[in-house]
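J.: Okay, handing you the structure first.
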Amino acid sequence: MALAIASSALSSFPTREVPWKYSPGLRVTTCMLGRNSTRVGASKGVSSVCEPLPPDRPLWFPGSSPPEWLDGSLPGDFGFDPLGLGSDPELLKWFAQAELMHGRWAMLAVAGILIPEWLERLGFLENFSWFEAGEREYFADPTTLFLVQLALMGWVEGRRWADMLNPGSVSIEPKMPHKKIPKADVGYPGGLFFDPIMWGRGSPEPVMVLRTKEIKNGRLAMLAFVGFLFQAIYTGKDPIENLMDHLADPGHVNVFSAFTSQY
């Protein structure tokens, strides 16, 4: 039910992809960082340069006027900022990175909820429930797991924060760790470990399309996870089981039943 609600909610927004035009030699905007740079005769290896969308770019509400700080240079920018939270350029960079990371974590979380439940239905797992996973016994006690996770994630997040404060300061070449990669594209480290298929090394147009799709899927995943959470609190069931119940009796098993049946 959460998946259906989230999908229908996002489907109401304009989602058509607009080709990104790149003109060599023109002054353009670097994605995510908001820094200006000049590229002359850029080759296909450039992956972090894009220019703002044209005036007729898709907006969250057709016919509305986007604020001046949302010029279309950020992936997934549909001109939505009614509270003016991004009016400060430094905060806008932070919010863009925060949304990117939360979206990625949400996509992992949704996959980690749906895939095990699906495997349980196929008979590969037994008695799986994502909201009860913390009660299970693992190879180590909870304190040890927490400390290991804190150390590993603390190191990674510390480097990511340093890269946000000083773009490119922690980027290294895997084959030559002493050599830094001359690329300041925060949030998209690339390389062998983070871009093994080399999708992010093409021309600016397809790269921006892929980044926009990532943001849109991340937003959908964040909404889906919130739906999973409320479903678990109300029904005590997993999302696929809730979906099956809804499909079996959509007239009585839906979001409105939460306000009429149990409470």
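In case you wondered, yes, glycine gets a Cβ from its N, Cα and C as well.
Below, the features straight out of TrEMBL:
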- Glu99, His102, Lys213, Glu214, Arg219, Gln231, His246: chlorophyll a 1 binding site (BINDING)
- Arg104: chlorophyll b binding site (BINDING)
- Asn217: chlorophyll a 3 binding site (BINDING)
J.: Pop the Cα-Cα gap between the residue listed as 'chlorophyll a 3 binding site' and His246 (chlorophyll a 1 binding site) into the table, whole Å please.
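T.: Pair distance, Cα basis, whole Å: 24 Å.
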J.: Other Cβ atoms within 10 Å is the metric here; tell me which of the binding-site residues Asn217, Gln231 scores highest.
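T.: In terms of Cβ crowding, the pick is Gln231.
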J.: So how far apart do the chlorophyll a 1 binders Glu99, His102, Lys213, Glu214, Arg219, Gln231, His246 get, largest Cα to Cα in Å?
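T.: Taking every pair of listed residues, the largest Cα separation comes to 31 Å.
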J.: List the residues of the same chain that sit at least 6 positions away from Arg104 (chlorophyll b binding site) in sequence and have their Cβ under 8 Å from its Cβ, in sequence order, or write 'none'.
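T.: In sequence order, Glu214, Gly218 meet the Cβ cut-off.
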